[in-house]
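Each remark here refers to the structure printed beneath this line.
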Amino acid sequence: MDVLLTDIKQLVQVREGQETPLRGEEMKQLPLLENAFLLVSEGRIAAYGPMEQCPGLEIPRKSLAGRAVLPGWCDSHTHLVYAGNRSGEFVDRIKGLSYAEIAEKGGGILQSAKLLEKTEEDELYRQSAQRLEEIMTLGTTAVEIKSGYGLTPEAELKMLRVIRRLKENYPVEVRATFLAAHALPLEFKENKSAFVDLMLEEVLPEVVKEGLADYIDLFCEKGYFDLDDTERVIQVGQEYGLAAKIHVNQFHAFGGVQKAVEGRALTVDHLEELREEDVKSLQASDTLAVALPGCSHFLSIPYTPVKRLMEAGVPLVLATDYNPGSAPSGNMSFVVSLACVKMQMTPEEAINAATLNGAFAMGLEKEVGSISLGKKANLLVTRPLESYAEIPYRFAHNLVEEVYIQGEIWNP
Ligand code: NIG
Ligand code: FE
């Protein structure tokens, strides 16, 4: 249905012709129109401009007086397909166990894998669809979802098929990532390369054959997967036409960023630990840096030094990391708020990182991420406010009043 949105107080992130991710000075600018109209036609943005130029069309009109309209959030890093939760571990951590200690005892990712393996595909779909609906209501209109809690061929494929079903059944943009190496199952403890072989030689061909993934990922970390594994996963992924999005530098910095850059990874995600040479490598590359402040908050670990990355001209992205272990929340408004409060990003930088740069981090920049002619009308409408800066300011509140996806109001 066509609709004319009128009297918009602030139409935010209005851009035409931005073909590269925002970096450096560009990140500081958030172009907007005050007192604007926006015309939605066939699910896309057909026109916009100042109210004085609003066309007198005989189509439904809706006044958004007092409200800001932004592109829907683009959450480029989630693990929202999982079974159950790990609130028990959360309590263990409060009582003093570390994330690493919990993992050593067979908890952590292995615990989620155990639960997922026993969960029927329909039940996994039901739980995951509930999470997807929840984040859509919170304003996310494009999302990347990873596998990686399967750890067996069958369970990995089950996860990826659930992601495909979500993509088919919901209007939101969904990108799927095959997280080939997330944790080492106990039965492979002495034989890491056999596990990587299994994932790359048996599972990946099937994933590609069924068209189940857009990207490939691995967890490059001490006690998980090393630099050789990283190089291999990126290279084999490339042979199958999948670009890499890599978990790296969450707890230790030891050269994973360089491997990702050499392998022309689309993104490097986490980066809580960052060396000057990592910044230099990123600076000389096209790889985007994805910060996940919800994870830093929840695990009480350092926040990614985003100021340093932005100063160096690296395109910065914000995402939730929505998962049961390190970030059990998919609320992008809260992530934007954390970015401002804890990482000293300005609201303009944070919104750029959570919209257009997020779209670039999923290869969706032609479809979503900004108010641009011809892009999908995936929009977030706020409650009445003075300025979009109230989104991060009112931390942990939900200022999202309505969400449009492909021009239709989203109702669960
Ligand atoms: O991005 N770091 C690795 N993977 C997830 C957490 C996984 C978990 O604890 O279940 C992350 O933080
Ligand atoms: Fe993650």
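Yeah, the Cβs are placed from backbone N, Cα and C, and that goes for glycine too.
What TrEMBL says about a protein is an automatic prediction, not a curated fact.
The domain 'Amidohydrolase-related' annotation in TrEMBL covers 69-408.
For HIS77 (Fe(3+) binding site), the Cβ neighbour count at a 10 Å cut-off comes to 30, with all displayed protein chains included. Taken from TrEMBL, the feature Fe(3+) binding site covers HIS77, HIS79, HIS247, ASP321.
Within the same chain, the residues at least 6 positions away from ASP321 (Fe(3+) binding site) whose Cβ sits under 8 Å from its Cβ are HIS77, THR78, HIS79, ASP269, LEU292, GLY294, CYS295, ALA327, listed in sequence order. The annotation Zn(2+) binding site is assigned in TrEMBL to HIS77, HIS79, HIS247, ASP321.
Annotation note: GLN250 (4-imidazolone-5-propanoate binding site) sits in a coil segment as assigned by DSSP. What TrEMBL lists as 4-imidazolone-5-propanoate binding site is ARG86, TYR149, HIS182, GLN250, SER326.
Annotation for ASN323 (N-formimidoyl-L-glutamate binding site): same-chain Cβ neighbours under 8 Å, separated by at least 6 residues, are THR78, HIS79, LEU80, TYR82. The N-formimidoyl-L-glutamate binding site feature in TrEMBL is assigned to TYR149, ASN323, GLY325.
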> Among ARG86, ASN323, GLY325, SER326, the binding-site residues in the record, which have a C-beta under 6 A from ligand 1?
Replying inline: ASN323, GLY325, SER326
>> Centre the Cβ atoms of HIS77, HIS79, HIS247, ASP321, go out 8 Å, and tell me which other residues of that chain have a Cβ in range of the Zn(2+) site.
In response: THR78, LYS146, ASP269, HIS270, LEU292, CYS295, ALA319, TYR322, ASN323, SER326, ALA327
> Cα distance, GLN250 (4-imidazolone-5-propanoate binding site) to GLY325 (N-formimidoyl-L-glutamate binding site), nearest Å?
Replying inline: 14
> If you measure every Cα to Cα pair among ARG86, TYR149, HIS182, GLN250, SER326, the residues listed for 4-imidazolone-5-propanoate, what is the largest value in Å?
Replying inline: 20
> Among the binding-site residues GLN250, SER326, which residue has the largest number of other Cβ atoms within 10 Å of its own Cβ?
Replying inline: GLN250
